[in-house]
Amino acid sequence: MKYVVQEWLRITTLLFIAQAVSAMVLPNATLLEELLEKYMDEDGEWWIANVSRKRAITDSDMQSILDLHNKLRGQVYPPASNMEYMTWDTELERSAESWAETCLWEHGPASLLPSIGQNLGAHWGRYRPPTFHVQAWYDEVRDFTYPHPHECNPYCPYKCSGPVCTHYTQVVWATSSRIGCAINLCHNMNIWGQIWPKAVYLVCNYSPKGNWWGHAPYKPGRPCSACPPSFGGGCRENLCYREGSERPYSPHEPEEETNEIERQRSKAQDATAQSRPRTHSPSGSTGSEDSEKNEVISTQQMSQIVSCEVRLRDQCKGTTCNRYECPAGCLDSKAKVIGSVHYEMQSSICKAAIHYGILDNEGGWVDVTRQGRKNYFIKSYRNGIQSIGKYQSANSFTVSKVTVQAITCETTVEQLCPFQKPASHCPRVYCPHNCMQANPHYARVIGTRIYSDISSICRAAVHAGVVRNEGGYVDVMPVDKRKVYIASFLNGIFSESLQNPPGKQGIQSICCRLNQVDYKTGK
């Protein structure tokens with residue numbers, strides 16, 4: 001099951017994962033603020049954890065997660081007679097850390113799932129404490145109806161009026177008395193086909209596992225009236241409590257109280273990472289040794305980097321004038337914006353994007369579409385920018401948001417964004433690794449530099465030198481049909497030739513390599 005809750009004002013997508021259920025948080029914001037500051041050193045560089053460190057969560061975050069779980073477990077309704085006090089388990093923490101490091105939006109590992117419960121949460125954008133996810137899991141209680149004893153004959157019905165309630169039931173499962181969580185910063189996570197540049201990933205593992213089919217999460221009754229004998233009659237805040245169970249883990253030195261983000265890397269590796277896509281190396285043979293013999297690396301960009309003052313009239317030349325990268329701080333620029341919705345060609349590209357609401361003052365990517373002549377342009381004040389009115393005919397343009405979409409090795413432009421006159425804006429796509437090994441019958445490459453729209457986008461990108469076999473970001477631009485597509489062998493891939501394809505157009509795959517994309521805003 002997959003659960004999405006949209007908060008209209010913040011345009012936020014929520015997703016949380018209990019066993020066999022997924023969940024996350026996507027606020028429309030530009031910075032990770034306080035949380036990311038924890039993971040940066042004094043020079044502003046990402047902090048690199050020491051290999052010997054085992055902790056993947058700070059003591060303060062650990063304690064807040066644990067305290068909130070116990071608080072919520074003690075206040076269930078109807079009251080629980082056998083709800084056990086929850087303690088921290090370092091082994092569960094380590095297993096959560098191991099899974100968090102995979103940055104996969106699914107439950108795992110498969111070998112542990114039969115014996116543990118698991119809730120997952122993630123967000124990117126503005127700072128959210130880990131307890132935000134815990135509270136959201138619990139808030140599913142509004143859709144859950146507790147099964148009364150007379151309904152359990154012998155199995156209890158599962159009554160959930162919302163999309164999912166299993167996150168809540170795992171949090172309050174009476175016998176799930178141990179918890180261990182980890183937090184990891186994941187770069188370029190694939191979330192339901194969307195790429196999140198910097199996702200903060202929370203994994204919480206529970207033991208013994210909950211959510212057993214046909215069972216209620218706890219026994220109703222007077223608090224602590226049905227505690228297991230091993231608790232010796234102890235009760236704390238409506239929870240069955242065993243003396244000496246409050247801190248079963250060893251405290252760590254303050255300097256080690258920080259989340260592990262990446263493994264130790266040498267300066268040489270860091271320098272290499274700045275010039276290559278940050279993706280995991282595929283296992284096994286990739287064919288890269290052979291491709292080096294005919295390696296062609298494209299450094300041409302479809303998108304253009306512009307300043308706050310650049311006007312579309314100055315910059316828009318040729319077929320590539322559709323995507324621009326704007327810097328931060330354009331609200332302070334004196335550049336003019338003429339019009340509303342439709343902007344005159346002498347308008348600042350970046351300030352028009354802010355005026356329309358595509359970007360904020362942090363900058364980012366914007367798509368531009370030329371719209372031909374308009375008889376007049378209306379002034380308005382939006383998002384901190386006053387635009388100017390003009391009552392003379394002039395050429396115009398509109399702005400739109402640049403989206404990012406993950407695709408497969410077989411995805412084609414014909415499927416993704418077919419050509420439409422005068423032009424089509426395709427999303428920025430993220431190609432997976434190992435597309436060189438994809439079946440060439442299902443992932444064809446037709447052409448050289450300009451490819452037929454029935455070609456595999458990702459294999460064409462490898463062929464063109466836009467990305468390597470490790471995958472990465474690619475921009476594609478549908479263009480009008482071509483009569484001839486030329487075959488060639490480049491970067492380990494043979495492309496096909498084709499002449500006079502009926503009704504087909506070409507795709508111009510021009511570079512946007514991963515290290516050339518600045519995802520400051522995720523826009």
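From the backbone N, Cα and C atoms, a Cβ is placed for every residue, glycine too.
Here the candidates are Cys350, Cys409, Cys417, and Swiss-Prot names Cys350 as the disulfide partner of Cys330. The disulfide bond recorded by Swiss-Prot for Cys435 joins it to Cys458 [selected from Cys417, Cys426, Cys458]. Note on the domain 'LCCL 2' (403-505): its mean pLDDT in the predicted model is 83. Here the candidates are the disulfide-bonded residues Cys308, Cys330, Cys458, and by Cα distance the one nearest Cys431 (disulfide bond) turns out to be Cys458. Here is what falls inside 10 Å of the CA of Cys350 (disulfide bond) among the disulfide-bonded residues Cys308, Cys326, Cys409, Cys435, Cys458: Cys308, Cys326.
Comparing the Cα of Cys458 (disulfide bond) with the Cα of every entry in Cys308, Cys326, Cys409, these being the disulfide-bonded residues, the smallest distance points to Cys409.
Cβ neighbour count for Cys458 (disulfide bond): 32 (other Cβ atoms within 10 Å of its Cβ, all protein chains included). Within 10 Å (C-alpha to C-alpha) of Cys330 (disulfide bond) lie the following disulfide-bonded residues from Cys308, Cys409, Cys435: Cys308. The Cα of Cys409 (disulfide bond) lies closest to that of Cys435, out of the disulfide-bonded residues Cys308, Cys326, Cys435.
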